[in-house]
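A short worksheet on the structure shown next.
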Amino acid sequence: MTQSTTSTGSQAYTSTAEFEAAYNTLHATYATHKTKDIRWRKWQLKQLWWLIVDNTDAICAALHADLGRTEAEARMYDIADVKKDIKECLDNIDVWARGHAAEGAGFLMGRLGGAWVRRDPLGVCLIIGAWNFPIMTLLSPLCPAIAAGNCVMLKPSELAGATAELMVELLPKYMDNSAIRIATGGPKETGLILERKWNHIFYTGGSRVGRIIATAAAKHLTPTVLELGGQAPAIICKSANVDLAAKRIANFKIANLGQICVNVNHIIADPEIYDAFLARLQHWLEHFLKEEAENPWLARIISPGHYDRIHSILSSTKGRILTTGPHEPSRNFVHPTIIADVALDDSVITSGELFAPLIPVIKADLSTALATLAPGSKMADPLALYIFSNSQPEIDSILNQTSSGGVSINDLAVQYGVPGAPFGGVGESGMGAYHGKWGFDSFSHARPVVNLPLWLEGGMQWRYGRPTIEKLSNFDTAKATWKRGETLEQQSSGQKGWFGWLW
């Protein structure tokens with residue numbers, strides 16, 4: 001690492017010497033086992049809460065400086081999400097950290113041996129945040145990492161420089177500096193960070209960098225959670241409530257100016273309702289943008305480079321531009337734009353995940369829509385899939401023929417915030433999950449422990465010495481509870497035999 005300047009121009013990146021000292025401190029702290037103390041974990045979660053509460057105004061100002069985000073948006077997304085995660089961890093940490101009895105351990109291992117699954121921390125973890133929600137993607141994963149008893153190195157995005165600078169200032173004031181550290185830097189510095197061995201890496205961002213992180217992690221056999229993205233489609237079936245679909249999509253596409261990993265990338269509308277849907281989509285987008293004209297609130301694109309990428313896509317599309325407006329390169333603002341009559345080979349589709357306020361609409365039937373999501377296709381396994389339909393058979397058919405990180409039906413992004421449900425990708429959209437106990441489990445190791453009583457020794461002499469056929473019955477305890485020659489049609493729920501319960 002070198003001593004260079006961040007995008008804000010006011011904060012130096014973490015030097016190599018500073019990073020090495022912090023890295024060594026985290027490992028030394030973890031070796032003391034202090035972070036395994038449940039009291040310490042609760043204390044640190046509460047300290048994180050006060051960091052957010054005491055500095056809400058400063059956080060909102062940093063998010064506005066980085067993304068042009070309003071205070072309401074900052075409070076609604078970044079701040080509220082982190083507070084919810086802290087509260088959930090505090091409410092459940094005693095139960096989560098206790099572990100649980102091994103389900104199905106049987107009488108011998110379970111009742112007599114007390115078979116138990118402990119949840120142990122993984123060690124020293126690295127969390128790499130994203131620029132589109134620089135507070136949430138950095139601090140929300142920190143909650144389960146702390147709850148699980150780990151030491152943590154945080155790496156904020158260099159593109160959100162004001163937020164990174166604020167976190168560098170605040171984290172040492174509130175958190176235990178021996179166990180939780182922050183390092184700043186660009187791609188070069190991040191590459192050097194990834195050369196070191198971590199016990200877990202949690203990354204939020206794009207698939208290109210996700211592959212780099214997975215490759216680096218593989219060198220040390222480091223487990224990872226990769227929260228990536230993908231081209232999330234909204235499928236508008238002919239049975240859909242067209243007006244509701246248009247209203248919800250138009251509203252969501254302008255949130256954070258389209259820079260949301262679970263946002264709609266493109267729309268595939270059935271030919272029977274295509275024209276009606278387009279008309280309502282245009283109506284609702286213009287309706288929401290009238291509010292913007294009267295009282296500006298839309299965010300901006302994160303950087304000139306990202307603005308140029310989006311403008312290039314928009315300039316090369318062969319689709320029909322419907323609703324648009326003035327773009328402002330001086331402040332990296334791309335006006336929300338509907339692009340109709342888009343072909344599947346159009347640049348707005350083939351360029352990958354848009355991450356922009358562009359709304360491409362494709363006229364195609366359901367079979368074509370499903371083909372775009374078929375295994376092996378370029379758009380398979382998106383982080384989110386949105387189905388607008390009032391036909392349950394239609395919905396079931398789509399669910400059975402597709403794969404995605406999550407699904408919302410007749411709505412958008414609600415799958416992200418379901419209490420007790422995981423959030424994560426599959427295939428190209430990532431691996432692993434978090435939120436609630438799913439995050440706790442990602443940052444901890446399930447460690448089975450069994451303690452058979454010594455008085456069983458007299459009846460277990462068969463386990464010693466040379467294996468023989470006579471001893472086989474003590475090992476080969478699995479017995480079939482089904483008949484030979486059963487057909488597919490005859491299958492039902494399986495049964496557990498007496499030997500299974502014993503062992």
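Backbone N, Cα and C atoms are what each Cβ position is placed from, and that goes for glycine too.
Remember, TrEMBL labels are computer predictions, not curated facts.
As recorded in TrEMBL:
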| type | residues | note |
| --- | --- | --- |
| DOMAIN | 9-447 | domain 'Aldehyde dehydrogenase' |
| ACT_SITE | E227 | active site |
| ACT_SITE | C261 | active site |
Counting other Cβ atoms within 10 Å of each residue's Cβ, which of the active-site residues E227, C261 comes out lowest? E227
Any idea what DSSP makes of C261 (active site), helix, strand or coil? coil
Cα of E227 (active site) to Cα of C261 (active site): how many Å, rounded? 9
Considering every residue in the domain 'Aldehyde dehydrogenase' (9-447), what is the mean pLDDT value? 96
